[in-house]
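Please read the structure below before turning to the comments.
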C-alpha cells in the first residue's frame, strides 16, 4: 500500500522531532497532489497542523487555475492554504534556476513567519533518477551525484518522503481515488534537457532505471562513509573563519585531502563568505584549484568573493562593489544583514539603518577608525574588508561600526555576530 510506504518514510525522516506544525508544497501536478493527500492522512493520525503552500511563477496561463484548484482541495480537507507569487520581473535569463530559488525563498520565509520547521516536497524516485543523469552529463563528482532525502534551506528542513516511490504509483493512487490533477505542458517540451532524459528513460528497459538507482545508492554510501567524514575533518583542520566575515584556508593542510573534498571546501567558504545560497559550478572552482597547485600568490574574484593567496594561506573575503547588500531598517531587536551578519540592539534607539560603508562616509570618519586588530588578522587586507562590514546609520550619519568598536557617542548599544544563513547537507547532521 502506498500510504504505508509513505508513513514509514516520513516517520524515519522526521524521527523524534516532536512537531506540532508542518507544511507541504503543492503545485497542482500529480506528484504534489498525491503528497498532499498522503500528508493529510498522516497529519490527522499524528495530530499535526498541516499547511499547504502554492507558488504561482506567473509564467503560464494555467498556473492560476492550478493554484485555485489546490486551494479548493485544501479547503475540503480543512487545511490552511497560502498562495504565493514569484515575480520574474520580465527577466527570462537563467529562469529555471531563479524560479527555483525564488520559490524556496518564498516558501521558507512563510514557514519562518509561522514557526513551521519542516516543509515536505514531492520529489519522487523518477526525479532522483533524472537528476542523476543530468548531473552525470555535467561531469559532477561524488558530492554532485549524491542524493539526499533531507535538505536545508533558509534554516527550514526540506523533507522528501516520496524518494523511493515511482511516479506511476502516485498516478495510480490518484486515479483509484478519483482525484484530479493538472499536467504542466512544459513537461513535454524538448526545450528542457530534463524532459529529453525523461523520454529516453521511458523508452528504455526497466533494468536501466534499476541500475541507476543502484549506482545512486552506492555513491550515497561512499559519501556517508568516506567523503563526508573527510570533509568535516578538512574544515576543522584547515579552515579559520573570523567574526569579520572572512576566512583563511591553510593550504599545507588542505593539500592532503582528496580533490572531491577540496572542491567542497572552496565552495563551502565561497557560500558563507559571499552570503549566497547556491554553490559555484565546478568549472568555476577548478581554475582556483589549479592556481593553488602552482605555488604562486594570486588574486581572483569568484562567486561574489575575492580569493587571494598569501604564501601558504588562501584568504577569502566578500567582494565589495558587486551586488551590494541592501540597506535594512532595524525595527526589531535583531536583524540579519547581507545573509551573513546578525545585528542586535541592546536598548531602544531611533530607527537605525543597517548598510555598508560608502567611500564618502569613509573619508568623513577615516581618521577616527582603529583598524589595527583587523589589519593583523587579515594580513593587511583590512581596508578591503572594512567595506564589507555592516555599519549603523541614523539620519544618514554613521553612528556605529561595531566590529571595530567605532561609536559616534558613548552609547555602545549594538552587537554584531557573523551568522551566515547557510546549512550544507554535507556538513549538517540532524
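Heads up, the Cβ atoms here are built off N, Cα and C, so glycines get one too.
The following features are taken from Swiss-Prot:
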{"type": "BINDING", "residues": "27, 28, 29, 30, 31, 32", "note": "ATP binding site"}
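Annotated features, which come from Swiss-Prot, shown on the structure.
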residue : record           : contacts (Cβ under 8 Å, 6+ apart)
27      : ATP binding site : 54, 55, 66, 70, 122, 182, 184
28      : ATP binding site : 54, 65, 66, 67, 69, 70, 181, 182
29      : ATP binding site : 66, 122, 181, 182, 183, 184
30      : ATP binding site : 167, 170, 171, 174, 181, 183
31      : ATP binding site : 122, 123, 124, 127, 162, 167, 170
32      : ATP binding site : 24, 25, 26, 121, 122
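Compute the center of the Cβ atoms of 27, 28, 29, 30, 31, 32, which mark the site for ATP; besides them, the chain residues with Cβ within 8 Å of that center are 26, 33, 34, 35, 122, 181, 182, 184.
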